[in-house]
Each structure stands twice: as structure tokens, then as C-alpha cells.
């Protein structure tokens with residue numbers, strides 16, 4: 001898929017702007033705080049209906065404006081289609097081909113993106129919450145079923161936590177309702193866990209050879225899914241559900257005393273091992289960076305396999321930080337296949353082959369100067 005045009009109205013520091021996009025590489029150059037990252041963020045937000053930089057949509061609206069609008073025309077192998085996102089201080093509205101979508105699960109997946117920013121090192125060295133969000137953002141783009149299962153799980157988790165808190169405070173005494181909630185909780189916990197396990201397995205298969213290539217076969221990467229609910233995946237669905245219910249039943253008193261759910265996908269994690277050692281704890285910054293890049297490049301290939309279209313790659317101020325070896329592997333992945341948007345303060349240090357296939361835009365105070 002390609003983004004042909006991007007139109008912004010009242011988005012961050014942009015008043016009105018239209019970007020006609022190059023099908024290969026688009027380089028956004030400018031000093032800091034001019035709007036480069038805002039433009040990249042708008043593409044991400046158009047794809048996922050949420051920003052990667054803030055959870056408050058109101059921050060996306062230009063100062064003193066009543067709304068923000070993002071619109072993009074996409075081309076696929078079989079035609080073109082517009083996507084629109086309209087943000088007000090009361091909420092947001094999304095449209096596919098001019099038709100409003102009542103649920104975000106119906107919207108997400110029409111535009112797939114992979115973002116690589118300096119903070120993506122936190123996928124390796126940050127908290128489990130960051131890694132769970134990474135799984136949800138990437139898997140959610142390629143599986144509407146996963147998005148729905150995750151939304152149902154989060155709804156039931158909230159209900160269960162509210163009831164556990166009432167039990168802890170003595171406001172409720174009946175455990176029957178907790179047993180009912182646990183039954184629903186177990187069903188969706190199993191679905192989310194199953195899909196995450198499969199996703200990590202597929203991602204590892206693609207990331208391993210990429211990582212080996214970047215390191216000239218000196219390092220071996222492995223991904224390990226660490227689910228909070230541990231059960232035998234080889235069992236049939238009924239047996240797995242029974243095993244989860246047994247875990248929840250055995251820990252019902254503990255959860256009641258703590259007033260919170262102690263087990264479930266909301267406590268999952270992933271570990272990244274390099275040559276058998278945990279990269280988070282023992283990896284150098286170079287190893288952590290290579291691991292993060294390998295994961296991102298694997299995402300690109302996995303999305304193409306799953307949906308039949310390459311995603312759009314967003315590189316936020318990272319390209320010039322990659323050494324020649326990493327840039328070479330990045331180039332071999334994206335060249336003439338993946339439409340890419342790059343932000344940078346200088347083109348120095350960017351591979352000349354990337355520059356030869358690129359269109360340069362200068363960004364100055366929320367305006368695009370070609």
C-alpha cells in the first residue's frame with residue numbers, strides 16, 4: 001500500500017497543508033520543533049486512530065482551533081481509497097471511503113504502518129507494558145479478530161477489578177458473580193494469549209535471519225513469549241480453558257485480598273535473547289538497537305505475509321543514527337517495496353542510495369517547502 005496524498009487541517013502546528021507523497025522515500029528535513037514529527041505522527045494516527053505520543057486526542061488539535069482533520073488517499077494493488085479522521089474536543093470520527101465507521105475495529109487495518117523512533121529501544125530495555133503495547137499495536141493492524149478479543153478482554157478485566165475491589169472493601173460478599181466473571185475472563189484471556197503466542201512465533205521466524213545478517217552471523221536472536229497464564233498450548237480448547245479456570249480458582253482468595261486481577265494477558269511480557277542472554281539485562285546499547293531494528297524489519301515482512309500489502313514505514317529521527325551495516329539492511333528491506341517517510345535535521349550520514357530514490361521536503365514552522 002502507498003499513501004498518495006496527505007491533507008492536514010488544524011493538526012498540531014499545521015494550519016492547512018497537502019503533501020503529495022513519493023511512492024518510495026519521502027525525507028522531511030528541518031530544525032527541531034518545526035513539525036517534522038507531527039507530520040509523521042499524523043500518518044500513524046490516521047492508521048491506528050490514536051497517537052503514539054499522547055493518549056489525549058485534544059492535544060492533536062491546533063491551538064485555538066475547534067477540530068483537527070487528517071485525510072489520506074491510499075492506493076492498494078486493486079485500487080484507491082480515502083481514509084479520514086476528524087477530531088474534536090468531544091471525540092473522534094473515522095471514515096473509510098467516505099463512510100463513517102461505528103467501531104474502531106472496523107477501521108484499523110486499512111492503513112498499516114511500522115514506526116521506528118529512538119524510543120523504540122524501549123521495546124527491548126523498557127517495561128513489560130511497553131512490550132504489551134507493541135504487540136497490541138502491531139497484531140491489531142493485521143487481525144481485526146484480535147482487536148475485538150482484546151477489547152472484550154479489557155472490558156471484562158475492568159468489571160472483574162471493580163468487583164474485586166468491592167470484595168476487598170467488604171461492599172460485596174457473594175463470590176458467585178466473581179466466578180461468572182472468571183468464566184468470561186478465561187475465555188477471552190485464552191483467545192488473546194493464543195494469538196499473541198502465534199504472533200511472537202511468526203515474528204521470531206522472520207527476525208532471526210534479519211538479525212543474523214546485520215551481525216554477520218555473530219549473534220543469534222530469539223524471542224520468548226512470557227504469558228502470565230501458563231498452560232499447555234498442545235491441548236484442545238476445552239482443556240486449556242479448564243486449566244485457566246483452575247489457575248483463577250486457586251488464586252481467587254489472593255485476588256480478593258489484593259482487590260485486583262493477578263493473572264492474565266495484562267501481565268504478559270516478552271524477552272529478547274541475544275546468544276542466549278537477555279538483551280534487556282545484559283545487552284549493550286548496540287545489541288539492543290540491532291534487536292529493535294530486526295524486530296521492526298520483521299514486522300514489515302510479517303504484515304506483507306498476513307495482509308498481502310507492505311505497510312508504510314515511518315522513521316522518526318533514527319536513520320542517521322544507524323551505522324552503514326544497519327542502513328544497508330534497512331535499504332535492502334524497503335527498496336522499491338516499502339513506502340517510507342523519514343524525518344531528519346540533516347541528510348548527512350544517510351545512505352546515498354536512499355537519497356537517490358527520495359523526494360525531499362523542507363519543514364519550517366508548520367509549512368512544507370519543497
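Cβ coordinates are placed from backbone N, Cα and C, and glycine is handled just like the others.
Remember, predicted model here, so these are calculated numbers, not experimental data.
Marked as ATP binding site by Swiss-Prot: 30, 31, 32, 33, 34, 35, 36, 37.
Mapped onto this structure are the features recorded in Swiss-Prot.
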residue : record           : Cβ contacts under 8 Å, 6 or more apart
30      : ATP binding site : 36, 345, 362, 363, 364
31      : ATP binding site : 345, 364
32      : ATP binding site : 345
33      : ATP binding site : none
34      : ATP binding site : 363, 364, 365, 366
35      : ATP binding site : 12, 13, 14, 363, 365, 366, 367
37      : ATP binding site : 53, 316, 317, 343
Taking all protein chains shown into account, the Cβ-based neighbour count within 10 Å for residue 36 (ATP binding site) is 24
Given the ATP site 30, 31, 32, 33, 34, 35, 36, 37, its other Cβ neighbours within 8 Å of the Cβ centroid, in chain order, are 38, 343, 345, 363
Three-class DSSP assignment, residue 35 (ATP binding site), comes back as coil
